[in-house]
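Engineer: Not my notes, these are from TrEMBL:
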DOMAIN    15-208  domain 'KARI N-terminal Rossmann'
BINDING   Cys45, Gly46, Ala47, Gln48, Arg68, Arg76, Ser78, Asp108, Lys109, Gln110, Gly158  NADP(+) binding site
ACT_SITE  His132  active site
DOMAIN    209-353  domain 'KARI C-terminal knotted'
BINDING   Asp217, Glu389, Glu393  Mg(2+) 2 binding site
BINDING   Asp217, Glu221  Mg(2+) 1 binding site
BINDING   Ser278, Ser414  substrate binding site
DOMAIN    355-487  domain 'KARI C-terminal knotted'
Amino acid sequence: MTNYFNTLSLRDQLTQLGKCRFMDASEFADGVTALKGKKIVIVGCGAQGLNQGLNMRDSGLDISYTLREAAIKEQRQSYKNAKENNFNVGTYEELIPTADLVINLTPDKQHTNVVSTVMPLMKKGATLSYSHGFNIVEEGMQVREDLTVIMVAPKSPGSEVREEYKRGFGVPTLIAVHPENDPEGKGLEQAKAYAAGTGGHKAGVLESSFVAEVKSDLMGEQTILCGLLQTGSILSFNKMLEKGIDAGYASKLIQYGWETITEGLKYGGITNMMDRLSNPAKIKAFDLAEELKDIMRPLFQKHMDDIMSGHFSKTMMEDWANGDKNLLDWRAATGDTAFEKTPAGAVEISEQEFYDNGVLMVAFVKSGVELAYETMTESGIIGESAYYESLHETPLIANTIARKKLFEMNRVISDTAEYGCYLFDHACKPLLTDFMNTVDTDIIGKHFGEGKGNGVDNVKLIAVNKALREHPVEIVGARLRESMTAMKPIV
Ligand SMILES: NC(=O)C1=CN([C@@H]2O[C@H](COP(=O)(O)OP(=O)(O)OC[C@H]3O[C@@H](n4cnc5c(N)ncnc54)[C@H](OP(=O)(O)O)[C@@H]3O)[C@@H](O)[C@H]2O)C=CC1
Ligand SMILES: CC[C@](O)(C(C)=O)C(=O)O
Ligand SMILES: [Mg+2]
Ligand SMILES: [Mg+2]
């Protein structure tokens, strides 16, 4: 198998990368109708499998799970996930031949093996779906000609796919039909119904391509979504300990701080998150973010270049072949950090204090969201997709850190995202050494400018406010948030 993206002509590469149409709410007027009464079988019952299945069942669809035999026999966690939620569970042989739609929600690493095993059992004219296009785009999986191949990719961890649905909202979702596999022309209607079943249509759906989803998803998860939140957590915590801040306080500020400050981001973009700071703190955060952007821009660009060229997927697949050595070493090293090992203290931290005492964290978020957005759009990814993949998803990842720190984030995200997160983190921390040497507790751990008054230079403040509001991520975001009328506060 060869990298599908690399087999395309430059013209086709650009066309598929640029495929992105924001779908109007009226296009979902038929809800789940195209899948109503159809037999839907999900392969795997992990982070996405369980939560998508719960949403789709609640939306009136017929969902069963198929698991590999050993998982059923040994009653592994995936079996318990399905059974405890009263789903029908069966072997591939029992369920795949009955399915109109087979949804592959196993880890990307297993896709070639899983798809090669289930494909011969699928009935003629059935549909195969993915929630991430790695197998099709990076591995070049060839699917039987009579089968329709679609993608419904929630831009969110599985846990939040469920939580947002229960709140009456959803998570932004990219849908696509593989151009090589749409023999009956039914792929788009089915993908729309599937996205409606998960609640994605309430947050925003983009009609996209497998290629655009893969290249943007890998970039988002490696940089702002997971990589930079990990780097920012570890460096900020270590700095506070070095400067004598109480360890329990420092642990709590970081663990819950990302969730709190990015709630402001989700509601009103970077502008609102920054507006939550005092004027002097806003100017400080702006300057810090500019400095961080200058330092990290080459690293963001390297990640994007390696994703586009296929170098990233090639090296990750080498790690798969090497028994996941890098992934497992990096996972152990993360578990060993002082931040992970220090429990959050009992001290109360008010919502506003997370902003006032976390100016550095605000700067990390601003720099990471803007850099991810800029790097993606410079590379041909459309603004709406880059917005979902950077700004909107950051709070959804931050929710997982609030639960059980980096362990929980890395457990809930895909293995692919976890690998990319560590890859970025290990390159980013050394890059930030000189910058972190300049950091003191005024920007992390203590109230910025406490007792110094609120005075600022008018000209500087006007320039900062203008730059914030005019960044392209803010302009696209303001438009996309207009349709997010069902969004509910969580902090
Ligand atoms: N994690 C997330 O939040 C997101 C994931 N995605 C995508 O969704 C897909 C699923 O990822 P994710 O939910 O993280 O996966 P998980 O690792 O959470 O789920 C794994 C499931 O697959 C089963 N499985 C593992 N290996 C095999 C195998 N060889 N054969 C059959 N079944 C197997 C497991 O069952 P058992 O081992 O018990 O047999 C388990 O039920 C991926 O394509 C990912 O990129 C997209 C968006 C976000
Ligand atoms: C951010 C990581 C992700 O792409 C996701 C939750 O959207 C994943 O692969 O887990
Ligand atoms: Mg993703
Ligand atoms: Mg991903």
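Numbering starts at 1 and runs along the chain as it is shown here.
Yeah, the Cβs are placed from backbone N, Cα and C, and that goes for glycine too.
For each listed feature, how buried is it and what is near it?
Structural biologist: DSSP classifies Ser78 (NADP(+) binding site) as helix under the three-state reduction.
Under a cutoff of 8 A between CB atoms, and with a sequence separation of 6+ in the same chain, the neighbours of His132 (active site) are Asp108, Met151, Ala153, Glu213, Val214, Asp217, Ser414, Thr416.
Under 8 Å, Cβ to Cβ, and six or more positions away along its own chain, Glu393 (Mg(2+) 2 binding site) finds Lys155, Ser156, Val171, Pro172, Gly220, Leu225. DSSP gives Glu393 (Mg(2+) 2 binding site) a helix state.
Sequence-distant contacts of Glu221 (Mg(2+) 1 binding site), defined as residues of its own chain at least six apart whose C-beta falls under 8 angstroms from its C-beta, comprise Gly227, Ile413, Ser414, Thr416, Ala417, Gly420, Cys421.
DSSP assigns Ser278 (substrate binding site) to coil in the three-state reduction, outside any helix or strand.
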Engineer: When neighbour density is defined as the number of other C-beta atoms within 10 angstroms of a residue's C-beta, which of the binding-site residues Arg68, Lys109 has the lowest density?
Structural biologist: Arg68
Engineer: Between the Cα atoms of Ala47 (NADP(+) binding site) and Glu389 (Mg(2+) 2 binding site), find the distance and write it as a whole number of Å.
Structural biologist: 18
Engineer: Could you check which of the binding-site residues Cys45, Arg68, Ser78 is the closest Cα neighbour of Glu389 (Mg(2+) 2 binding site)?
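Structural biologist: Comparing Cα positions, the closest of these binding-site residues turns out to be Cys45.
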Engineer: Might you list, by sequence position, any residue in that chain lying six or more from Ser278 (substrate binding site) with a Cβ less than 8 Å away from its Cβ?
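Structural biologist: Listed in sequence order: Asp356, Phe448, Gly449, Asn454.
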Engineer: State the three-class DSSP label for Asp217 (Mg(2+) 2 binding site), counting H, G and I as helix, E and B as strand, and everything else as coil.
Structural biologist: helix
Engineer: Of these binding-site residues, Cys45, Ala47, which scores lowest on Cβ atoms within 10 Å?
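Structural biologist: Counting other Cβ atoms within 10 Å of each of the binding-site residues Cys45, Ala47, the minimum falls on Ala47.
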